[in-house]
Amino acid sequence: LAATQPSTNWHLKENAREHHTNKFSSEELIVRRGQDFRITFNGTEKPEQNLIFLAETGPKPSKATKTLATFGISSTVSKEGWSAVLQSTSSNSVSISISSPHNAVIGRYKLSVQIGSSSPASLGTFVLLFNPWSSGDDVFMPNKAECEEYVLEEFGIIFAGNKNRISGFGWNFGQFQGDILNICLSIMDRSLYYRQDPVTDVSHRHDPRYLGRVLSAMVNANDDRGVVLGNWSGKYEDGKNPSSWTGSGEILQSWKKSGFKPVKYGQCWVFAAVLTTVLRCLGIPTRTITNFSSAHDADENLRVDEFYDADGNHLERGADSIWNFHVWNESWFTRNDLGPSYSGWQILDATPQEQSGGIYQCGPASRYAIKEGEVDLDYDCPFVFAEVNADCMYWNYDSATGKKTLIFSKSTEIGVSISTKAVGGDNRVDVTSDYKYEEGSAKEREIFKKARKKLGLEDKFDPTAPTQEEIEQKPDISGKFKVAGSLEVGKDLNLLLVLENLQSDAKTVNVNMTAWSTLYTRKPVNEIWKDSISVTLAPKEEKQFPIKIKYPEYLQQLTTDKTIQVTALCHVEDGIQVLVQRNITLDNPAIDIQVLGEAKVNKEVVVEVAFTNPINTEVKDCVLQVEGSDLLQGILELRIPPLKASEKSSTKFKLIPSEAGPKHLLVNFSCDKFADIKTFKMVNVIN
């Protein structure tokens, strides 16, 4: 006798509240593993009959792969597997509390019940996620405020700029909005790992270490037609400029809408932000980390080589580079494969830089292993270690002869001001000391040596390395660039080149200077300016040389990263060359947001955005983009009429907040002269 189709009450509200899933707007039950949830169903004539439940996930559910569980009613929750405990019964309905194990596979499950000897009847589907609130889970995070921030917070601040001038911009992770959870589930089902062996892939989905690695590959489009296509050319006409995005939602929705075609375009913070959204959505505590002066060591020798020609132009030679900043992720979970001291924050990097295991994926690398120089541990520790620790070598390269000469080397240049957003606040927290011992300390050099030794670099002769003699040579002069005045797009750039004679006899110096617009990766894009001077420095004398680069000179050449590299290569007569360089990031003009009146749930509130054109020419093609989880649906785009010199524009629009609490509104203003002026405002929504 087949049972009639039971109807199920999933107790969506109370289960969601208990499981910290009430921010999802879903008609489907979403719960976390290792914790019980309640359901009630009817259609059972005699509830005291034998009830057998089936929970199954993946393409070929089986007990062997832990993707199928069958369990009856028991009096207590099982420590090991799935279990069901009877809560109450009435004439034709049963209320049951179902528990999953702490290490259950996550994903969408089908739940069925078999009554007596009849065939199983479907109760429906539910989604099971990681549970950082549960002490048995690999992602357990004991600090509740950190759980709130790293799993439930939809707003983030990503730090950028350069080590001399750190700035931050807001990002809407939006992990609980609309269809994002379903998109995250389909990301897992489109990975190379799943395509090659779906059964094995699904069976590994209990492990945050496995999923973190798989998703670091899927967020970039390389290898697997993943979510975002990287582009570091400075030309983005056939897609969106990476710096124009303000949240992950639009990117993930576009990927799905286009039939899973990679979204154009991303750079490091876009990959990191999208990975944050996906991992937070699945319940793995995750944050973005910005590393300033970040090394990209392509050949695993813990050394980054930069080349300059005689005129001081930065040459794109060799695969190594130093980025003004690089953004990656840290996710929180245990490392049962390495041991307890390696648990906690793990580094994942979805930016496609180098292949790992034949695929563009990176991590998880234990942050503790990086600090201790344990570069032989899984995964990708040598690459991450180099990002924060590599030594820098600056070379003069003569293309005619192919000869290279070391200008100088530096071991304290890389990996500074490693930054993340504070828990529950908008300020920057410096985590550099979690990645390495104090720069220049004996312990830091000892760890560097240990890492070199583990990579087999100590014993191997490296013909490309400078000689000890080259490293120890002492320059006769020193130099630096000082900023004089403001660093703003639309204003002239004023610098001072300061040269000092370190010797007690006079020195003649020929100085070749260049300024190039660059990407944030320091890739040179356009030459802006060059000049050369010849100077004589009296013994121990210091001289200053003013440099002015006018706004019209750099306006056309500037990239949307607003970065300029200024270089002076000083040829000292009868001495060694001295390289003076500075990477400058210009600030955009300010934009102002005001919320006019009180923000209340389901009530209209007016917001005003004001911008004043700071330059003495008209700006046109002005567009304002606005987004914010729980404040408005999707993205609002407003076109603004052209603005004359010094003219102020004021744009008003309405919001209808859908949820109470502190929410963030993100605004991005662009026009023909200024790209992506970003700001955000916290809006406190009351009931």
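Backbone N, Cα and C define each Cβ position, glycine as well.
Noted in TrEMBL for the protein shown:
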- Cys268: active site (ACT_SITE)
- His326: active site (ACT_SITE)
- Asp349: active site (ACT_SITE)
- Asn389, Asp391, Glu439, Glu444: Ca(2+) binding site (BINDING)
- 260-352: domain 'Transglutaminase-like' (DOMAIN)
Within the domain 'Transglutaminase-like' (260-352), residues counted as helix, strand or coil by DSSP: 18 helix, 41 strand, 34 coil
Distance [Cα-Cα, Å, rounded] between Asn389 (Ca(2+) binding site) and His326 (active site): 14
Inter-residue Cα distance where the pair is His326 (active site) and Glu439 (Ca(2+) binding site), in Å: 19
Of Asp349, Asp391, Glu439, Glu444 (the recorded positions), the residue whose Cβ has the fewest other Cβ atoms within 10 Å: Glu439
Those recorded positions of Cys268, Asp391, Glu444 having Cα within 10 angstroms of His326 (active site): Cys268
Among Cys268, His326, Asn389 [recorded positions], residue with fewest other Cβ within 10 Å: Asn389
Listed in sequence order, residues not in Asn389, Asp391, Glu439, Glu444 with Cβ within 8 Å of the centre of the Ca(2+) site Cβ atoms: Val388, Ser411, Thr412, Ile414, Gly415, Lys436, Gly440, Arg445, Phe448
